[in-house]
Amino acid sequence: MPMDRTGLLIILSSPSGAGKSTLARRLMDWDPSLRFSVSATTRPPRPGEIDGHHYYFTTPGAFRQMAEQGQMLEHAEVFGHLYGSPRVPVEAAMRDGRDTLFDVDWQGGQQIRASALGGHVVSIFVLPPSLPELERRLRARGQDSDAVIAGRMEKSRSEISHWAEYDYVLVNDDLDRTERDLRAIVTAERLRRDRQGGLGRFVKHLMEEHA
Ligand SMILES: Nc1nc2c(ncn2[C@@H]2O[C@H](COP(=O)(O)OP(=O)(O)O)[C@@H](O)[C@H]2O)c(=O)[nH]1
Ligand SMILES: Nc1ncnc2c1ncn2[C@@H]1O[C@H](COP(=O)(O)OP(=O)(O)O)[C@@H](O)[C@H]1O
């Protein structure tokens, strides 16, 4: 008997540069059945970013229209640009029992928790080991101008101030260790979801099978 399950909603947030895109990529390599929620954004693409893979790059007008039509599960302004998670693919994944991974800021985290999707939500906040190390990583990534980096550093404190809203907080010092912790969280939360979801029916079936 297959177990009924609703896809898990996994929220990953951090100040810019703490490593959440890197961790998200590693998590997807570990489990290709995870679905990454590709966000729409009005921010211009960075070198190497692919439309439809990293983001759906769009205009403010088209973005606002999507939001007004209720096509966004959540949306927010971050660093002067609009970002949002398209609703339909998330609903489809949940129905199919596939887990969705979101790379969103704290505003997105709050809206996904509050959304009426009714699934099992787990939220993880990634902290840098220090603010100088955060800046070093932003520079090492080599994709943002000094002005953009300064803006992101300035915003890092307000993003970090939301850490306590999250179920788990990881300090991303050693990347391999953080990745292992993240996998452990996903594995444990899947088991909790099953416990709350279809497991009851499964146990009933198990007991009746040889009654
Ligand atoms: N609320 C919300 N935030 C998003 C979404 N997509 C990305 N973000 C956040 O926007 C911020 C900036 O993202 P990005 O421009 O890719 O920069 P990066 O985080 O430095 O790689 C990050 O905090 C992301 O988590 C989204 O769909 N909704
Ligand atoms: N634990 C870590 N130790 C050292 N460098 C890291 C670590 N995690 C990520 N990085 C590097 O820091 C930079 C920013 O990481 P990224 O995943 O783009 O952050 P975010 O998505 O949170 O903005 C990248 O160059 C990445 O390779």
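Cβ atoms here come from the backbone N, Cα and C positions, even for glycine.
Automatic prediction, not curation, is the source of TrEMBL annotations.
The annotation ATP binding site is assigned in TrEMBL to Ser14, Pro15, Ser16, Gly17, Ala18, Gly19, Lys20, Ser21. With a cut-off of 8 Å between CB atoms and residues at least 6 apart in sequence, the same chain places Lys20, Phe125, Val126, Leu127, Pro128, Glu159, Asn172 near Ser14 (ATP binding site), listed in sequence order. DSSP assigns Ser14 (ATP binding site) to coil in the three-state reduction, placing it in neither a helix nor a strand.
Look at TrEMBL and you will find 7-187 tagged as domain 'Guanylate kinase-like'.
Among the binding-site residues listed (Pro15, Gly17, Ala18, Lys20), Gly17, Ala18, Lys20 have a CB atom closer than 6 Å to some atom of ligand 2, in sequence order. It is Ser16 that, of the binding-site residues Ser16, Ser21, has its Cβ surrounded by the most other Cβ atoms within 10 Å. Taking the domain 'Guanylate kinase-like' (7-187) as a whole, pLDDT averages 95 in the prediction.
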